[in-house]
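Here's what Swiss-Prot has on this protein:
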- GLU89: active site, proton acceptor (ACT_SITE)
- GLY15, SER16, MET17, PHE18, SER19, GLY20, LYS21, SER22, ASP88, GLU89, VAL90, GLN91: ATP binding site (BINDING)
- CYS145, CYS148, CYS183, HIS186: Zn(2+) binding site (BINDING)
- 183-206: region 'Disordered' (REGION)
Amino acid sequence: MYVMKQSGWLEVICGSMFSGKSEELIRRVRRAQFAKQEVKVFKPAIDNRYSEEAVVSHNGTSVIAIPVSCASDIRKHITTHTDVVAIDEVQFFDEHVVDVVQQLADEGYRVIVAGLDQDFRGEPFGPVPTLMSIAESVTKLQAVCTVCGSPASRTQRLINGRPASYYDPVILIGASESYEPRCRHHHEVPDHPAKKKTSTETATRP
């Protein structure tokens, strides 16, 4: 991580599920706390898989967090003594989180966000792509494909052990029983319009 000469910037940590995003966010938070910086950690209220008031990684590490229902609530908890603002599972917030993050960085806060850059369909997830484009630093992590062991950049949703349809809801909170990390070649999305179109064109090609 390079050193900023000015205070106030945005760091994005992204990748598939089980790639270590929350673990990396927690590591940066603890490092800031060790340096005697005041850190405020936030998470969407919708994410209560492991704890309602903590960010918990899949390997069990955790840090106390403030659950918020919408991005605008974050500012209510920021004070002049705050140095670092960290937001986990940022993909669950609406696009307004981009404005909140921009304002905080412009005002001199170090902002760290972590989230999925792709949804289970393999498509850009919520505000994360925009946050990546405006960030000073982007760390894209990879997991390990559960099928072949290759680097995994996608998240496979499983319903009763079977790949979920493209038309399933995008937001469905789950943990290891609902999702697996997959590589490009083993990521399955039944009923995907683009893939169905490609298959049809291939079948009709002379």
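Any Cβ shown, glycine's included, is placed from N, Cα and C.
Mapped onto this structure are the features recorded in Swiss-Prot.
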residue	record	CB count, 10 Å
GLY15	ATP binding site	24
MET17	ATP binding site	23
SER19	ATP binding site	24
LYS21	ATP binding site	28
ASP88	ATP binding site	27
GLU89	active site, proton acceptor	22
VAL90	ATP binding site	29
CYS145	Zn(2+) binding site	22
CYS148	Zn(2+) binding site	11
CYS183	Zn(2+) binding site	21
Residues that sit under 8 angstroms from HIS186 (Zn(2+) binding site) by C-beta distance, when 6+ apart in the chain: CYS145, VAL147, CYS148, GLN156
Separation of alpha carbons, LYS21 (ATP binding site) and GLU89 (active site, proton acceptor) (Å): 9
Integer Å distance between the CA atoms belonging to GLY15 (ATP binding site) and CYS183 (Zn(2+) binding site): 12
CYS148 (Zn(2+) binding site): secondary structure state under DSSP, collapsed to three categories: coil
DSSP three-state assignment (helix, strand or coil) for GLY15 (ATP binding site): strand
Residues flanking the Zn(2+) site, with Cβ no more than 8 Å from the Cβ centroid of CYS145, CYS148, CYS183, HIS186 and excluding those residues themselves: THR146, VAL147, GLY149, SER150, ALA152, ARG182, ARG184, HIS185, HIS187
